[in-house]
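Asker: Can you read through this structure? Questions will come right after.
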Amino acid sequence: MGNTVAMILAGGQGTRLGVLTERIAKPAVPFGGKYRLIDFTLSNCVNSGIYRVGVLTQYRPHVLSKHIGIGRPWDLDRKDGGVEILPPYVGRHESDWYKGTANAVYQNLEFLEENDAELVLILSGDHVYAMNYNDLIDYHLLKEADGTIACMEVPIEEASRFGIMITDVDGRIVDFEEKPAKPRSNLASLGIYVFNYEFLKKVLIEDENDPNSSHDFGKDVIPRILRENLGSLYAFRFDGYWRDVGTLRSYWEANLELVLPVPPFNLYDPNWRFFTHTEEMPPAYVAPGSKVSTSLVSEGAEVYGNVFNSVIFQGVKIGRGTVVKNSVIMTRTEIGENCYLENVIIAENVKVGNNVRMGVGEDAESKLDPKVYSGLLTVVGMNSVIPDDMVIGKNCVIGIGVRPEDFKSKTLESGDYVIVREE
């Protein structure tokens, strides 16, 4: 099949995830009890036998770079191949920042040359899915295509969120439009591409020299290939589980799908394991008299209260008399005694005091940003401390690093927020 090199686009900010991505890149956002989003793409690579991987970082890369390290959890700590972090080339003329997804790959053509790339797999580092990339590559080779895009049908009312394509009866793409206001199809790009390297190199150099381009695959490169008939592009239809968790609602829903009696996404398949960088922790502990129902509780967690339909990450502590429902509680968060939390997302290293009620009261629109904070979820940013006896309504936002003295009273009405700005 030729020498395949994977390029994982991992520089996205993920602004629609609000405080969850204020300090970390979207691919570094925790998911599913112990993972980070990029773990799924990295694991798909090694499960597909692809061991030459570049991770293109940009926005707040520290946590992501530390998480990946030399790639040992994914068996990518190799002398031949392996994983390499590829930040923008600081110091190069006008190149201190990747200008778009296509420019990010263009800036790393040298990396592809050094790895003798014949096929280039371009992937997003912030989606949740399991895919054998060999199926995509085999289809690409069968069609003798210059490029192939993985796609799936989506509800037509959601199609405007995606790159949308139209194909002929043979699967060849005849038209592509990025996030159209009035989509003419519901066949959506998954942001997963495979290209013949020499073809990709040619079109990226041409795109880089186009002053009118924003240097993005979906907005510029793919439409231009089709418009100017530069090569053949085919659509590979994927029928497995794939989720874009780019909004708080979709992130929350995808986590809670993991606790369904028959989850649509299987974390437990021994033939397709997902790997991550994690510290060793003891088994989870559920105290006598506590109740855990339809939930995922990760190692190191200590549950002294009651947990229903929730995802509890590693090292979380839940106090006596506390009830947690329909919630996502991230690593090393501690929740005190006699609390009630419903429909909340709490980031890492948060401390919630005793007798706190969160996610309660009347429905209300967010006063901070209704486009980001909706669906009546209350969200707490990392490293915050919620004082005892607080009552926090629905659709509230507690920012990063908030302290007890930042709360003006013991009640935060639905839709309200407490944010501490960085100096």
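Note that Cβ sites are derived from N, Cα and C of the backbone, with glycine treated the same way.
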Asker: Which one of Gly163, Gly171 goes with Tyr98, Glu178, Lys179, Ser189 at the alpha-D-glucose 1-phosphate site, as Swiss-Prot has it?
Answerer: Gly163
Asker: Long-range same-chain neighbours of Tyr98 (alpha-D-glucose 1-phosphate binding site), Cβ under 8 Å, sequence gap at least 6?
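Answerer: Within the chain, Tyr98 (alpha-D-glucose 1-phosphate binding site) has Cβ neighbours under 8 Å at Gly11, Leu56, Gln58, Pro88, Ala104, Gln107.
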Asker: What residues, ordered by sequence, lie under 8 A Cβ-to-Cβ from Gly163 (alpha-D-glucose 1-phosphate binding site) and sit at least six positions away in the same chain?
Answerer: Phe176, Glu177, Glu178, Lys179, Ala188, Ser189, Gly191, Gly218, Ile222
